[in-house]
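Taken straight from Swiss-Prot:
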DISULFID  C29-C54  disulfide bond
DISULFID  C33-C56  disulfide bond
DISULFID  C35-C57  disulfide bond
DISULFID  C43-C60  disulfide bond
DISULFID  C68-C82  disulfide bond
DISULFID  C74-C95  disulfide bond
DISULFID  C256-C293  disulfide bond
DISULFID  C273-C307  disulfide bond
DISULFID  C284-C323  disulfide bond
DISULFID  C287-C325  disulfide bond
DISULFID  C292-C329  disulfide bond
DOMAIN    27-98  domain 'IGFBP N-terminal'
DOMAIN    101-167  domain 'VWFC'
DOMAIN    198-243  domain 'TSP type-1'
DOMAIN    256-330  domain 'CTCK'
REGION    247-349  region 'Heparin-binding'
SIGNAL    1-26  signal peptide
Amino acid sequence: MSATGLSPVRCAFVLLLALCSRPASGQDCSGQCQCAAGKRRACPAGVSLVLDGCGCCRLCAKQLGELCTERDPCDPHKGLFCDFGSPANRKIGVCTAKDGAPCVFGGTVYRSGESFQSSCKYQCTCLDGAVGCVPLCSMDVRLPSPDCPFPRRVKLPGKCCEEWVCDEPKDHTVVGPALAAYRLEDTFGPDPTMMRANCLVQTTEWSACSKTCGMGISTRVTNDNAFCRLEKQSRLCMVRPCEADLEENIKKGKKCIRTPKISKPVKFELSGCTSVKTYRAKFCGVCTDGRCCTPHRTTTLPVEFKCPDGEVMKKSMMFIKTCACHYNCPGDNDIFESLYYRKMYGDMA
């Protein structure tokens, strides 16, 4: 049959095959790398910043169900890959999840690799049966200052995220009781009453690790810098490895193992990247009587990670010196454990 005799449906099918078989725009990697100049690209919450397929530029990874090419890869941290299907010469595919267990969250079933908003405050991703969430609202901390001695977060009508407001002082000095509300623990660091070049140096405590096992995040806020400006500092933290069966190490007649001994040095992993060095790190143990064990004294050290694409990044990380076992544990149903604080006697760095 001649081309002119094709039905409209067959014409559309032939056109679709032609589009899927031709190379995607900008697919050629033979030329020199040309990346957009300026600031480092910012991706939406929960979307990874990855190296493109040509090994040139960093871009926001494609998500589940989105179109992808060899140059525009899918998000590897969510177990996604670009499924080109058939015929074999197709250059455009669809981001598909590798085989993994689905997740049940709030009565809804999500596929492995699927992202969703659990509420207006959190963006979540299902990955092989586990749900991980990142906050969509600002997690900043505002320290007391002369122009705002009593800051507090409030829920405003029509808005999802809480915002900071400044209350008027009520028979308090600027620094005393107001500052105490933000120092939930003693710290080895700058003296909060120290004046330096017209700057009242203030540093909050490190928050508890966002995860009870595996790699998490701990944060604090300080103005201990040359410009006396508030800045948020973060560090990686690992209270204990998730795969470790620590209960079997509890001695007979005891109910806790506070700081178990790790038999061999370990390498830390972060988003597919591995620490360059091995570390003989300390971790917190477990109890069989309902208590939980958390870091008591810590220090912060830089750790270098090497990624599969060759990039080397340096991150600050918490290293445990001592642990304490106690009954002040987070709730069993608290999936956002980053909101949980346990008193720690400071960072010794």
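Each residue, glycine too, has its Cβ placed from N, Cα and C.
Structure with Swiss-Prot features highlighted.
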residue : record         : DSSP class
C33     : disulfide bond : coil
C43     : disulfide bond : coil
C54     : disulfide bond : coil
C74     : disulfide bond : strand
C82     : disulfide bond : strand
C273    : disulfide bond : strand
C325    : disulfide bond : strand
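Considering only the disulfide-bonded residues C33, C35, C43, C56, C60, the residue whose Cα is spatially closest to the Cα of C329 (disulfide bond) is C43. Each of the disulfide-bonded residues C33, C43, C292, C329 was scored by the number of other CB atoms within 10 A of its CB, and the lowest score belongs to C33. Summed and averaged per residue, pLDDT over the domain 'VWFC' (101-167) gives 81.
In the three-state DSSP scheme, C293 (disulfide bond) is classed as strand. C57 (disulfide bond) sits 16 Å from C68 (disulfide bond), taking the CA atoms of both as reference points. Residue counts of the domain 'VWFC' (101-167) by helix, strand and coil are 0 helix, 35 strand, 32 coil (DSSP-based). The Cβ of C68 (disulfide bond) has 25 neighbouring Cβ atoms from other residues within 10 Å, across all protein chains displayed. Here the candidates are the disulfide-bonded residues C35, C43, C74, C325. The one whose C-alpha lies nearest to that of C54 (disulfide bond) is C35.
When the alpha carbons of C293 (disulfide bond) and C325 (disulfide bond) are compared, the span between them is 4 angstrom.
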